[in-house]
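According to Swiss-Prot, the features are:
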ACT_SITE  ASP134  active site, proton donor
DOMAIN    178-208  domain '4Fe-4S ferredoxin-type 1'
BINDING   CYS188, CYS191, CYS194, CYS247  [4Fe-4S] cluster 1 binding site
BINDING   CYS198, CYS214, CYS240, CYS243  [4Fe-4S] cluster 2 binding site
Amino acid sequence: MDFEQLKQDVIAYSKTIGIDKIGFASASPFEELKQRLIQQQQLNYQSGFEEPDIEKRTNPQLLLPGAKSIIAIALAYPSKLKNAPLSKRGERRGIFCRASWGQDYHLVLRDRLQKLEAYLIEKLPDIEVKSMVDTGELSDRAVSERAGIGWSGKNCSIITPEFGSYVYLGEMITNVPFPPDKPIEDQCGGCTKCIDICPTGALIQGGQLDSKKCIAFLTQTKGFLPEEYRDKIGNRIYGCDTCQTVCPKNKGMDFHNHPEMEPDPELVKPLLTPLLTISNRDFKEKYGIMSGSWRGKKPLQRNAILALAHFKEASAIPDLIGVMKDDPRPVLRGTAAWALGKIGGDGVGEAIEKAMEREKDEEVLHEMNRGLELLAQKKE
């Protein structure tokens, strides 16, 4: 079979099903990535969300015996919000990162990959394939880099010449020996804007990320957020775009190619106070379609509390007192107490002290004491 012709046929077909960029790579082991992952593991830079088996992350043969090549795909997503609602005193709003706008991208990319699989099976009935998006074993970034989708930027994102880094990535391992594409040369040069601006210093050096410091990771954790990071969250409800928005390669990049990726402004820039008491049913109905809902509502509610503290939003004090007193989840009770201490105001200290009288959880009591300390500092 003429595999070069088949490759061209696949490229042509990909354009008809809404794939913005496609590349082909060999399925040989990712030896350089393996060394980086071992180092990351030794330095404790991993988030815990990734596949723990480094061999599986770097050897496609373990995932599909007889693998010959990997097809990488990229879909561009919007970077600008049309008709964005204003955040103002009394009506403060949070923000979801761009990668969580619209329908869950895992579903969108899986749809494209399934169509690609069906096309290839029709051409080659005996073909073997294994597709994955984000949560699969392989590193999307390493595959895309090898397949010429883009280069791996210092912000730890794949940067494409056509769409910047505002792209979702997915891949398909196959036993078909497609001719590989050439990687794109690194075009970051001496620029360090992303490293310099990272709020928590998570970008240790070019292409190296301490995931446990990354705000995108921190917003997804479920426990108490370490106090050193709370002020740095700002009004972020889920994820962080800072290292992308500052990137010169993203200037002017805003693509609205896929209707299912179009964001609802009220969802991706939501009012903060209503989030504090949203029911499970309402949360699933409103936010269930978004990738940002995958960890459930508690982390987002905790982040909404931190955002209200960031704004020092006095109008939210009654709601925060209600959460501190009555919410069954210790993380939210304690975070609300801390936030009340940050905001301050008449009656706040008394409310915290009264709540302490019946609070049994040690971590919550610690946060309540911390809230009182913050109030005392305001009086000094």
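Here the Cβ of each residue, glycine as well, is placed from N, Cα and C on the backbone.
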State the Cα to Cα distance, in Å, between CYS194 ([4Fe-4S] cluster 1 binding site) and CYS240 ([4Fe-4S] cluster 2 binding site), rounded to an integer.
12
Using the recorded [4Fe-4S] cluster 1 site (CYS188, CYS191, CYS194, CYS247) as reference, state which further residues of the same chain have their Cβ within 8 Å of the centre of those residues' Cβ atoms, listed in sequence order.
GLY153, LYS154, ASN155, ILE159, THR192, LYS193, ILE195, CYS243, VAL246, PRO248, LYS249
Across the domain '4Fe-4S ferredoxin-type 1' (178-208), what is the average pLDDT of the model, as a whole number?
94
Can you tell me the three-state DSSP label for CYS214 ([4Fe-4S] cluster 2 binding site)?
coil
Sorted by position, what residues of the same chain at least six away from CYS243 ([4Fe-4S] cluster 2 binding site) have a C-beta under 8 A from it?
ASN155, CYS156, SER157, CYS194, ILE197, CYS198, LEU203
Secondary structure tally of the domain '4Fe-4S ferredoxin-type 1' (178-208) (DSSP, helix then strand then coil):
5 helix, 4 strand, 22 coil
Tertiary neighbours of CYS247 ([4Fe-4S] cluster 1 binding site) (same chain, Cβ under 8 Å, six or more apart):
GLY153, ASN155, ILE159, GLY164, SER165, LYS193, CYS194
Helix, strand or coil by DSSP: which one applies to CYS243 ([4Fe-4S] cluster 2 binding site)?
helix
Specify the count of other C-beta atoms within 10 Å of the C-beta of CYS191 ([4Fe-4S] cluster 1 binding site).
17
Apart from CYS198, CYS214, CYS240, CYS243, which residues in this chain have a Cβ no more than 8 Å from the mean position of the Cβ atoms of those residues at the [4Fe-4S] cluster 2 site?
ASN155, CYS194, PRO199, THR200, ALA202, LEU203, ILE215, ALA216, THR242
Here are the binding-site residues: CYS188, CYS194, CYS198, CYS214, CYS240. Which has the lowest count of other Cβ atoms within 10 Å?
CYS188
CYS188 ([4Fe-4S] cluster 1 binding site) to the residue listed as 'active site, proton donor': how many Å between their Cα atoms?
24
What is the Cβ neighbour count of ASP134 (active site, proton donor) at a 10 Å cut-off, with all protein chains included?
15
Starting from CYS191 ([4Fe-4S] cluster 1 binding site), work out which of the recorded positions listed here (ASP134, CYS214, CYS240) have their Cα within 10 Å, and give them in sequence order.
none
